[in-house]
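Participant: Please find one structure pasted underneath; my questions will follow.
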């Protein structure tokens, strides 16, 4: 009996096209991702093969979400086939076995559901063999397959996920006999998945996150998060650890659900709960039929009434429906879940700003409401048929367009309702948190600019798709594909015009400083464009919608003329005309007035650029030795005018006969170079060469003038640059001037792409060397275009704004309604500085003759006082431990959140509004990331601005790692417990370990770091913190102080990391000399583990702790191959007083000389937990197993 | 006086089934019965007239409205009750009728309300007007369907198997209503129940396999068969034999014994007795021309 139904199910469905359509689509997606550089699902980069086990694992787990849609279709069909065909009463009265029927169908559908997922394997296999042959991707990017890859992925992801989803959907379908409920069931699965994901996003709860993930997607991410390239290329997901437990858990739950559903399933029809309307038999006298007089009329008013009536019927039917109620409830639950998770930022929370709420709402709305609109579009279009009232409705004299438009508007209506509910809860949350700056106008405008048009566009298009395709499920699929899939397709064929991507357009992002920002104008036009497109779709749908009997597309087109009435033609023509008009205007703005280059074009240009001009790389160039700027900023128009008078000096040993510049497309540039002729102007790249009439001799100088202006014209295809904006203009010197000489930055960096175009491997950061004197004359930031120079600027802006340039303010005046500021540097500084203009409030404080200033937006006063403190604290520590501060001011300047970083320029530190200014620090008494970032940037005032590494390996260690160290020391100074620092450093450990998994070239030891963030920030912090713990803070500071003293403001030569190690060596005791090698010169990891931990009470009232530890030291090479090495290291062991590990009770540093050791020590009070390396000083891929709860051995 | 003219209508479905085969009918005000066995093409014809389906060839006109080129015009004067009449969930009878009345162009709210009330009263649902239609019994739903077909004095009313699911008293009530309305307008009543036609219709047609096999007044059809129908109670075993020797038009069971009707211009003797032809005889004689046992 089981076999009958099992194979029956397979036979039936394999004859249907659906399974093949799904298979094809999934196969194509993965094929594209495997065989084309333009498609990425997950990440296969650099050293990871495009078909590695890791890549396959990622594709599989991601595709699972698509699989859910299929599961719904298959299991729902399987469960309800008899029911839908009204065959149930016949079938169920035959003597068939319940188990055979129930499970036969289920497992049939289960196997079927996994068939389309095999498209992942097929796509990858075919992609692997086709791409190299077709010449799309180099054969070297692929590895060979193992059977294990496919088997494990199938049995770890595909089958269990399908099983779990299937059990729920099948159960629901059997119970409720409603397709709608089944769909809601699958939505709930998605929602629960998302909810669990959002609640457990912090690294604190990884194990919980890993277990609660229904699909094991994040579980796989967690188990592989520290995988190196080698591991990614060789290890398939395995039946072990967290992944296995997760799978057992969910398959178990799935089994229980399936069994419950089996036992509650019965062939007997449940007596339907119909509220029987009992009829009172009143026999009324039969009177003649004479209908009261009523006249029908057909005019525009009729159409309007019909529209309203359709709208009411559709809208109410959705609002009253169970799925809508459930979905609304879930959207609210999700957003509340988001509230609970808060706006986590390195352990801190942001204030519930309106724009933060908007981010949440929009994130939810985009996914959630999309689902709702897609789902209910099918529901509305097919509900007349489903309710069997279609013939009556169809035979009434209304135009199909009216009916479809009402459906579309109903969809917009329900989406808007959910949106408004989310806004309501968001505002409520703000108020409950005591945050009273609830900006309803911002909520409203954001809705108007973003989601409302989105809903309009989606609704129209989805209805069109449903009408066109005649099949609800195919309609869903194609609809979703249209919204999301087109992006993939267009990226393959290199189309980037937002006029072709459904609802494409410039992004808008609300900023407290700059409101909706530079993308707004374009976004509004694009919205209009897409809404008209949607209207055209709707008219087409109205024309193609066939009444009565459903026919194929050809018949629809053939009979379309029946649906065409004069007003419809007029409406269609009018909307088409409007669409074309607006489209033309958008086209004019985005393709003519402004242009853009697609990624393929950019890539080809970069290749051409390198091939043409690489010959000029490294030619002798003069350095900028003095700079005077006149800058006028026009924030409202988003324009800027720059006049720069530069002195160039030839510091080479040879004469220079020509000057090379690269002009920026966006700027209008005029170069005034005395006694020179322009000998080359390449418009494509903006490359210009001026030949000097008399060559510039060594040590000789030349004054040039550059006039540069930026004019904003119309709007662009994307948001474009956010440097010059209405409030919060932020430019650096590199942006306002053309580049000097050939720029390596313009080259393609991805090694595989370079290979594709036949380019030689990219020059790496020059090797670390203290011999190469030419290299030692260039630092890694300005790369030979300038050293420490004096800068003077006159900068003007509108009178309501403040403009800031480097140095002290000499003079300030007003002229013609504009404010002018004259700034001058007090100390020759790096040729690297910023110009800023915005409507600021200023808080200031004087410390030892230095002006500490915070320029902030009036909406963000909360943390200003603490920022002043943080700056002062840094100054105190740094002046005491490193040396004097040479500027007369320390400025922190807020800029809009189009970027979220802080950056250090001489005496000036622009700081994004997104970090720092909006973080709630009210209850923070100790170190926090806001202070840390300030201390880091302040650290750069020394490490980068007083001492800067030569442009070679290890350069960034001297600035970034040291700034991190400086920052950590100020943090440590105010930390009340050492454990607080562990909490803080956790992020650095994670940054390093995660970062190295994404390495595309090779991982280098710290002293040879090649501007790799995860190394110079992440590892740098961890390593230097450990160093000061081992040798002492004062010794490290002494080495830094001496190092700084030797190289302060010195550019001939610039220092290297070897120079620092020379100073370090002087302070490190011989016993710890191995640290220099382990921490700086090699890639060292530890695998420490606490095997057993127990304590017993001693007769003297103390407690003896006994630990069994295991410790391996590991050396890794640049691609992650590891080998264990002998240990002779000092490592801490200790116990905590509490389970939360907040209080370290006892700590002892012991020498580890064999992998397994036993340790004993006495403590005064009962310890809760014990650990090896209790403060997490060492880099350990799995730190959790270092800690254990102590057992008592009485 | 309206005039509906169906000319040479043919329709073949993609699967090869000939739903309509050169159908031509002329109709004027009054009740018109369309008789035919299941699958004869009645519903296809109804749907075609109701603008819900296309024909391959032929034309249909109501007065000066060509329904294929001006479906909108026809819909303005059409009342249609399809064979399967379902309703939206979560909507009351009054709301539904009101919605449909708006769709039929009744823009004056007050008039519309009156009309809906009147119709609800006429189909005996006035007390239930605020109840969800979805919870109605089959018969009550059907009455809602009837009420909506009568909205706004249509010139052409098409009712497809309207009495399915109605109890006898409701059926009576409905027929009275239809007869009342049918005096003024064209009513096409499709059914496979011969009695319905006999009771109500002044004209009728019989359809089989997509063709009109008979068209005329019920009485005329009876007259045609006058004196030609004979009946006999026979034994089960001898049925085959009779089928060979006589043109049997029908056989049915009466008290457990087969009673056969045959068509014969002369007295067949052999125990057959002449009976007055009824409409059923007409029906079977028209569709059972092969004289097989049915």
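Heads up, the Cβ atoms here are built off N, Cα and C, so glycines get one too.
Note: TrEMBL annotation is automatic and uncurated.
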Participant: Can you identify, from A:27-43, A:180-196, A:197-213, the stretch that TrEMBL calls transmembrane segment?
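Facilitator: Based on what TrEMBL states, transmembrane segment spans A:180-196.
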Participant: For the annotation transmembrane segment in TrEMBL, which listed range does it cover: A:303-324, A:501-522, A:567-588?
Facilitator: A:567-588
Participant: Which range out of A:180-196, A:248-267, A:476-493, A:523-546 gives the transmembrane segment (A:326-347) the most CB pairs under 8 Å?
Facilitator: A:180-196
Participant: Taking 3+ C-beta pairs under 8 angstroms (sequence gap of 6 or more) as contact, is the transmembrane segment (A:404-432) in contact with the transmembrane segment (A:523-546)?
Facilitator: yes
Participant: Using a Cβ cut-off under 8 Å, which residues of the same chain at least 6 positions beyond either end of the transmembrane segment (A:59-80) come close to it?
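Facilitator: For the transmembrane segment (A:59-80), the far contacts come to 9, 13, 18-19, 22, 26, 29-30, 33, 41-42, 105-106, 108-110, 112-113, 116-117, 120, 124, 153, 157-158, 161-162, 165-166, 169-170, 173-174, 177, 179, 182-183, 185-186, 189-190, 215-217, 220, 473, 476-477.
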Participant: Against which stretches of its own chain does the transmembrane segment (A:476-493) lie, if we need a Cβ under 8 Å and a gap of at least six residues from its ends?
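Facilitator: Distal contacts: 21-22, 25, 29, 32, 36, 38-39, 69, 370, 374-375, 377-378, 458, 461-462, 465-466, 469, 500-503, 599.
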Participant: Is the transmembrane segment (A:452-469) packed against any residues at least 6 beyond its ends, judged by a Cβ distance under 8 Å, and which are they?
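Facilitator: For the transmembrane segment (A:452-469), the list is 366, 369-370, 373-374, 377-378, 380-382, 404, 407-409, 411-412, 415-416, 419, 475, 478-479, 482-483, 502-503, 527, 530-531, 533-535, 537-538, 540-541, 544-545, 553.
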